[in-house]
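Accompanying notes for the structure given below.
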């Protein structure tokens, strides 16, 4: 399979049919993933190693860190990125199997409805991810965490733990919330663009 065939296949089938959709793909694929992959590792990469409690024992630190982080932020955000890609991937797979050209997506009502449903599902997944992130991580990382270490050893009871680089993590949390909100807004704007093109207010690209 030649590179030209792959390029034409991507441009004809995999590229979103709207201008906003193409911008969303660029934003999603470059800025958001770069931010998570590079800066996320820098901020959260060694969090477990520098998470310390009183008394500073390895088993206490591990127990309290698992209590503090039921799931690590990097894993959660990676799952979020993969999950929100699924609706678009299903649609593009369907388009590839049916040999649907890019210009036909917004011209045939059935294809348009299918594509809008994939965008709506993407919005729902982003909203659910936003809610889960707020429940798991909150909106601010405190420098101290009170850990209930009683199940590990009754003599420990409630112990205090130091959260490393809490201010940087708070900034990163806000940034990830912002990315989610921007993605939701782009998806909503894409639906409006599709409706405007269907109603004839905008010319097809």
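For all residues, glycine too, the Cβ spot is worked out from N, Cα and C.
Computed from a predicted structure; not experimentally measured.
It is 25-44, from the ranges 5-24, 25-44, that TrEMBL records as transmembrane segment. In TrEMBL, the transmembrane segment annotation falls on 75-97 of the listed ranges 52-74, 75-97. Checking the ranges 109-132, 133-156 against TrEMBL, the transmembrane segment annotation falls on 109-132. Counted as Cβ pairs under 8 Å, contacts with the transmembrane segment (25-44) are highest for 171-195 among 75-97, 109-132, 171-195.
For the transmembrane segment (109-132), the residues of the chain that approach it from at least six positions outside its boundaries are 17, 21, 76, 80, 83-84, 86-88, 90-91, 94-95, 100, 177, 180-181, 183-184, 187-188, 190-191, 194, 198, judged by C-beta separation under 8 angstroms.
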